[in-house]
Amino acid sequence: MKKYINVAIDGPSGSGKSTAAKGLANKLGFLYINTGLMYRAYAYFLNENNLDINTNETACIEAIKNARFIFNGDDVKIDDQDVSDILRSNDVAMLASVVAANAKIRNLATNEQRKIASENNVVMDGRDIGSIVLVDADLKFYLNTSIQTRAKRRLAQNKDIEKLDYESIYNDIKERDYRDMTRDIAPLKKAIDAIEIFNDNMNLDQCVAHLYEIYLNKIKKS
């Protein structure tokens with residue numbers, strides 16, 4: 001019999017799923033797992049070591065296996081170096097989309113994510129959590145937001161990290177959406193049993209409160 005409660009939250013880049021997932025996890029007292037940071041960490045690590053997943057897959061996989069990655073919510077360390085802020089840059093986001101399309105890397109990450117979920121009450125966010133990683137999750141959400149709103153949010157979030165303009169961010173998000181939705185391996189899509197939430201007109205507190213209310217209605221009453 002299943003011992004732990006798993007909540008899956010999926011959605012496109014910049015939809016606020018990670019922030020909402022963290023807020024919901026805190027409200028529930030659950031472990032929060034940001035799977036997107038795993039792929040960003042892998043992408044950053046490979047780029048820093050001049051390794052290209054498209055030209056030297058074996059070396060990339062071995063390098064990742066031999067490195068020490070520590071994931072704790074939004075905090076990430078690679079071989080004891082804190083890279084949490086670096087991973088939020090737009091450049092790393094684009095690199096991560098390419099790395100995440102690799103089947104062997106996704107398999108490596110998916111196995112780790114499933115192991116964590118089997119040992120904890122978790123709120124896990126990503127792009128294929130409800131459809132691939134945790135198909136038996138107790139509750140699945142799909143957060144959706146217009147590209148315009150996502151671009152404005154990312155511009156505000158990254159203003160102290162890098163100099164970007166709205167148009168370049170908009171185009172990057174549009175390109176990433178296309179890649180994520182059309183890739184052969186674990187494409188971004190809403191699980192058939194996921195509850196879709198459009199959050200353009202919600203602030204963080206409203207979004208978390210809405211997810212929490214649904215959780216109480218779906219899980220607590222079951």
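Note that the numbers count up from 1, one per residue, in the order the chain is shown.
Each Cβ is built from the backbone N, Cα and C atoms, and glycine gets one as well.
Note that this is a predicted model, so its numbers are computed, not measured.
Lifted from Swiss-Prot, the feature list:
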BINDING   Gly11, Pro12, Ser13, Gly14, Ser15, Gly16, Lys17, Ser18, Thr19  ATP binding site
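Shown in sequence order, Ala93, Ser97, Arg150, Ile173, Arg176, Asp177, Asp180 are the residues of the chain, 6+ apart in sequence, with a C-beta less than 8 angstroms from the C-beta of Ser13 (ATP binding site). A C-beta separation below 8 Å, combined with a sequence spacing of at least six in one chain, links Gly11 (ATP binding site) to Lys17, Asp125, Arg127, Phe141, Tyr142, Leu143, Asn144, Thr145. The binding-site residues examined here are Ser15, Thr19; by Cβ neighbour count within 10 Å, the least packed of them is Thr19. Within 10 Å of the Cβ of Lys17 (ATP binding site) there are 27 other Cβ atoms, across all protein chains.
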